[in-house]
Structure formats: structure tokens, C-alpha cells
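Colleague: Handing you a structure now.
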Amino acid sequence: MDATANPKAGQLTIVGSGIASINHMTLQAVACIETADVVCYVVADGATEAFIRKKNENCIDLYPLYSETKERTDTYIQMAEFMLNHVRAGKNVVGVFYGHPGVFVCPTHRAIYIARNEGYRAVMLPGLSAEDCLYADLGIDPSTVGCITYEATDMLVYNRPLNSSSHLVLYQVGIVGKADFKFAYDPKENHHFGKLIDRLELEYGPDHTVVHYIAPIFPTEEPVMERFTIGQLKLKENSDKIATISTFYLPPKAPSAKVSLNREFLRSLNIADSRDPMTPFPWNPTAAPYGEREKKVILELESHVPPPGYRPLKKNSGLAQALEKLSLDTRALAAWKTDRKAYADSVSGLTDDERDALASGKHAQLSGALKEGGVPMNHAQLTFFFIISNL
């Protein structure tokens, strides 16, 4: 059922609180929390919990639904149903879950699926995950050679394929094979950890690097970024360092015989096919940051002028202010969705092309009206050139 077609009175919005306490909350998430009838949350720290309660007094902590006497999957069913019951009562419900609310989170997907099928409006807004933090702290770009992400137990149970020519990120390496819940896990209880290491050794060998990563939560903390070889993780003194919130990152093997250029395809794109496959700089000691090509283009900066196709942002744009309001005020956004033209007509300080763009809501018109010249812009070109630049 289309959740946007004549939805019932209740609605569900799922947002993420991110990993870092308070700092990762998006402006959009905060706006949703402030205007909700009921806020249900499962967050990882007390400071974020206090921040949420400060923004809305009608808050319910779903964490007490966990129990050491039942499986986590049972708790997830209950969490989803708890939120759905408030939606069915006609309330505007916001669910806040730590990290990205759709990454390794079960109750959020379940609640949204059921709500939509029952005719309620239900949406999920993105948040920062542990993997996003990992990319930033370790300097990893997943687009360079691709990235595979697995939950550790799932990878072992289903014998998921590994590709040593790409990045590998493994979640929940500290609770391999655990389906139960405990408020405090002991690293010594990670009895199946050795099976994970055996699988990695089979693919990568004992000397390949593994980065043990934990993203910081409080502003007083620093990220954990410990480097081991796969063989070293067989030692108890190292395996005991792995916590429930630990993530593993394995860099690709370089060079890899599994990677080869599709030169015929490159020629069809009029791209030179003489370059070797690119490997991430931190893991390729032969990659020179200031080679001949880099030096040449850096020198060209001195004489660079903006190209004819570049269009600067309009000064004192009324449309920019209107879009800021729609981004931060959920009630204003609801009014725009109810009657786009009427809302656009009610906004003062807009030019004709800005008003038309606001009423249309289309990306090309909005982007064009925000820039000098007012010509619609197509963002697809930017995506294409970004992809090609990574070859």
C-alpha cells in the first residue's frame, strides 16, 4: 500500500541518533523529535537520552524491553509493536535508534513495513553509522575498490563469499554466534571468535592486517584503531580486547590478481586505459601523493579561473530561506505537502522563478533557482564524473 496516498491520522518517523553522543543528531532528526506527539527511543548513552528528553517531554525509553531471559528478536518484535500501537492511536510517533536506524536494526524496518501496509505514513531518516565513522577515522573511501559489509555471525552461518580485492567491514565481531541478550557481555564469552579468525585466515592468510575499530561515543573519547595481523588475533591477550561494539576492517590485498581493467569499455568512454587499478593510498605504499601528474595540476591552480558553466549562489536568496524553513520545521513541510502552490504563494520575498520552483519541488528547478542565471540544473553529471574520476 502507498503510505502517501490518503494516509490515516497516525504516522511514524524513524530517525538515527548517530554514534557520537548528541553531535551526530541531524537537524532534521531534532526537528522531528521536537514536534512529535510521542518519542520512543533506544540510544547508546545517557547524554543523548537527556538531550532527547530535553527536546520533548513525551518520551518513552524502549530499552527496558530487553531481557536476559528472552531472545533479542522477541524484544525487537515488542519494540516495533509498542511504536505501532501509538501510531494506531492517531499519534505522530518518532522512533530514535542509535547509529543509522536502518543499519543492523530490526524493529525499525518491521514497524515501517507494518505501518505502511496498514495505511499509515511511515518514513525512515538516515543517521551516522559505525561504518561512516570508520571511513572517516581510517581514511577509507569505499568507492575506490568496492566494499563488502557483513555481520560476523551471518557471514559464518551462510558462508558468505569474501572478495580480498575489496574493503571488508565486519560488524558484531565481539558477539559471534550470540542470539541472546545480556546487559554486560564478558569478552571471554565470545566462544566462537576463533571460527571467525579461521575463516579470515583461509581467505587472507595469517599475516594480513585487521584493524580493530571502535567509534568514540562521548566527546572525551578517542577512536580505538588497533592494528593486528590475523594470526595475532589468535592470542588471548589480543582477542580479549574485542568488545561488543567492536568492528573489524580488513584492507584489500594489493596487488590483486582478481582485479583487471575492462579496457574495451574504457575505450568506449574515451578514457585512457594505461592506468593500473587504483588501490587505497593508506594501503598502497607505492602510491605517491605528489607524482608528476599531481604536480602539474597543482601548478595549474595559480592560473585557474571559474569555467563558463559555473554559476554562483544568488545573494540574499528568498528561496534558500524558504528551503531552510522546510528543512527545520516539520509543520511548515506538512503545509507545503498539503498544497504546494498555496504555500509557495504565501512566502514573501521570492522571485517568480523561485516561487515556481518551490511550488514544483523538483530538484532541477530548485537547484537552478538558487543559482545566478536561474537555469534548471541536472545533478546527474556530477555523479557521472565522480565515478569516472575513481578509475
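Each residue's number is its place along the chain shown, starting with 1.
Even glycines carry a Cβ here, placed using N, Cα and C.
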Colleague: From Q28, Q172, Q321, grab the residue that Swiss-Prot records in the same S-adenosyl-L-methionine site as Y98, H100, V103, A130, A215, S246, T247.
Modeller: Q172
Colleague: Can you check which of L84, L382 Swiss-Prot annotates as N-methylleucine?
Modeller: L382
Colleague: Cα of R72 (active site) to Cα of Q172 (S-adenosyl-L-methionine binding site): how many Å, rounded?
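Modeller: Distance between the two Cα atoms comes out at 14 Å.
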Colleague: DSSP helix, strand and coil counts for the region 'Clasp domain' (254-373)?
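Modeller: Its residues divide into 65 helix, 2 strand, 53 coil.
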Colleague: If you count, for each of the binding-site residues Q172, T247, the other Cβ atoms lying within 10 Å of its Cβ, which residue has the minimum?
Modeller: Q172
Colleague: Output the one of V103, A130 that, of all these binding-site residues, has the highest number of other Cβ atoms within 10 Å of its Cβ.
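Modeller: Within the set of binding-site residues, the most crowded position is A130.
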Colleague: Rounded to whole angstrom, what's the largest C-alpha distance between any two of Y98, H100, V103, A130, Q172, A215, S246, T247, listed as binding S-adenosyl-L-methionine?
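Modeller: That value is 16 Å for the farthest Cα pair.
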